[in-house]
Amino acid sequence: MRRLRRLAHLVLFCPFSKRLQGRLPGLRVRCIFLAWLGVFAGSWLVYVHYSSYSERCRGHVCQVVICDQYRKGIISGSVCQDLCELHMVEWRTCLSVAPGQQVYSGLWRDKDVTIKCGIEETLDSKARSDAAPRRELVLFDKPTRGTSIKEFREMTLSFLKANLGDLPSLPALVGQVLLMADFNKDNRVSLAEAKSVWALLQRNEFLLLLSLQEKEHASRLLGYCGDLYLTEGVPHGAWHAAALPPLLRPLLPPALQGALQQWLGPAWPWRAKIAIGLLEFVEELFHGSYGTFYMCETTLANVGYTATYDFKMADLQQVAPEATVRRFLQGRRCEHSTDCTYGRDCRAPCDRLMRQCKGDLIQPNLAKVCALLRGYLLPGAPADLREELGTQLRTCTTLSGLASQVEAHHSLVLSHLKTLLWKKISNTKYS
């Protein structure tokens, strides 16, 4: 006990010599004040972090609500039994950034998975007691009893046309939706199966996953229960989280965070491989089977990579179909182009005369991605590559004009960038 008291005295009253303390009588008081201020500030940070965590991370609520409706026979799905009866879905780390969209890493049948579930309807504290009935009424209200399979097919086709555009490939996508709904392969779609698939289609990211299932760089869909779904896990998560503790991130200025990411993140050749994958993903979004898609929040936070440094788009929430963006922007009232913004950075020009937004975006996906890559690839780049890489990235970043009118130049710049990076890492262990 004597040693503990001595240690506390040294911490609280500062390890200065008695002579110095005698010369500066106010120093002891200041040290006590600063020590307790540090304790208070640390306690406050811990409190804020964990109160924020409890609000953002509500996976238990999601599971309770989903399983309640599964047991009532309202919903169905390929992972319902494993989730609610066999308890084979293990919820691990919370990755949610907003309360309404729950994201967890997990384990299912010995596979690393990402678990995603929306709980917007349950977050109102006044309505928590009747959370399950509200989701039954609000989210799982369609199709209604008595709907034929033909009517459900037409209903699905109409929904996809509204969100992806009137494309000749949509009937094939409707076929995929119906095959997915019939998860037990009994050649019929029950009302619970139809309600579950319809609810999933209302989730923007699920619609994108379905549209991009054939693409190499989108996460693969593994199963669902109601509007909860599992995708393959992304072992190394997003770039922004590279070994930075959650409590430390808000305290560090962006410049210092960037420096730490370069120091703690992958070696430059691995970063080049990830960047090539991101550029290939930009190609996949441009005039694919189900139309063109826009990246409307172009940040490294949405990007992930596998254990072998193959790029995977970890979060598709802010990727939007061209038809959806056009519908949002066309005819919208505006004073400046900033009023014509979908998501974070999908911006269209403002017609000052008509005071209405136009439907075409100003900046293509590639220009926004290249702006990210300048900060990610140039630091630590090989000396013999840095100048040419910097020039090409600057050229790419300045791509302008309406996104629908830069196709040829877009493809040429993208091809040059991929070739430059690939030549540097090909025939090495990094390729």
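Including glycine, each Cβ sits where the backbone N, Cα and C put it.
Copied from Swiss-Prot, the annotated features are:
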DISULFID  C57-C94  disulfide bond
DISULFID  C62-C117  disulfide bond
TOPO_DOM  1-30  topological domain 'Cytoplasmic'
TOPO_DOM  52-431  topological domain 'Lumenal'
TRANSMEM  31-51  transmembrane segment
Disulfide-bonded residues listed as C57, C62, least Cβ neighbours within 10 Å: C57
C117 (disulfide bond) and C57 (disulfide bond), distance between Cα atoms, whole Å: 11
Rounded Cα-Cα span from C62 (disulfide bond) to C94 (disulfide bond), Å: 13
For C94 (disulfide bond), the number of other Cβ atoms found within 10 Å of its own Cβ: 16
In three-state DSSP terms, the structure that C62 (disulfide bond) belongs to: helix
Number of Cβ atoms other than its own within 10 Å, given for C117 (disulfide bond): 24
C94 (disulfide bond): secondary structure state under DSSP, collapsed to three categories: strand
